């Protein structure tokens, strides 16, 4: 008996151990995501609208993301060959596990197919719910344009819907072509169809760009289920009944403001200008993000290098005419292709009560989008205090967003929140006396300091003012600044405040 057990453990033990870990990871991801959308306050109203369809669709999406990130690894032959020949992987048992990589690939593929069916089914239910449960009290949650809109229209008129249909079609072709009978009778069909995985992953990255599912961003001032004068009597009666059932006669909370909803929006794009180069795509951070009120976006471009120099020349063409015409001269701008927008770490600035944004030179661009969003409506976010540190080598750089900073400062003063924004500007070039002399930029002039920041003192100051809180630290700048901030976040200079480091990168 002991010999048989020893043999089974040698032959099957490691494989089953990895399988159990993989299954446990899938179950954990499904359960955790399900509970987040089922019970988290920021998804309360969305859950009331969509019900279990929301929880199941998001939970299955987490499992799909996990397995889509794993399914290709077992078939990376160069990686497997490297691991076999590596000095770090010398054990015979480990090398034998690598022989079973194809089995793991098949397991991940089958899991993707199964949970794709679950995910699609749940979203079909969601589309019906969006139509039937159209909310007049919370229009920001709606995907449908009116109550009773045909759910099929919602599928073909939204980015998640169209890309979802394409993903199902590609996955169906790959799955059916992988069957044993096709692989035996016509291996070429299996091989060429399987290469559609490239198309699959491209569409998958675009699939989430629609922002159909939104979360509530002001749960502190609008607790879920609170009573509000502007809501319909039916909604207030339903909320009061639910609250009474839960709290057994406790007084109903009154809303301080209306609920605000927003999707998880991206922050940077890729630009391609065929007139400069047909094959070059350059990333640029959005300094003005599209919102529900404004669908336009903006970027700031620093002229540095051949591509940006040529691109700026095409945009700022000089007129050859020396005459002053009484009408505006017609301009011909170059064709520009935009890919994106894509997500970035600076999205998470709004998801902390306290955030520290550190920019070095042109690294300010990701945070310009944050400042613009706060200027539009700072009340709708969880963020309650923002520390903004900007380090530049020359004084002129601070004028890039001087109007935006001063405008946000003035708005916060009018709204009686002068402590919301803490700005510190550092001029690292200490040669000669320089200052911001314009009267309209007096706010920035009073925040300008000569020299480099003393990061440890800044962290200590923030820690003392925000005890027992989590502070999101966001950096976009030179490696020296990034390394210093990362070290301070890990060393925890103020023991009662947790600093969570996030790095923004242009690469």
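Each residue, glycine too, has its Cβ placed from N, Cα and C.
Check TrEMBL against the ranges 2-20, 21-39 and you find transmembrane segment recorded for 21-39. Range 59-83 is the one annotated as transmembrane segment, of 59-83, 234-258 (source: TrEMBL). When DSSP labels each residue, the domain 'Ferric oxidoreductase' (80-204) comes out as 95 helix, 0 strand, 30 coil, counted as helix, strand and coil in that order. Mapped onto DSSP classes, the domain 'Ferric reductase NAD binding' (352-490) shows 72 helix, 32 strand, 35 coil. Looking only at the domain 'Ferric reductase NAD binding' (352-490), the predicted model's pLDDT averages out at 84.
Long-range contacts of the transmembrane segment (21-39) within the same chain: residues 46-47, 54-56, 58-63, 66-67, 104, 107, 111, each at least 6 residues beyond the stretch ends and with a Cβ under 8 Å from a Cβ of the stretch.
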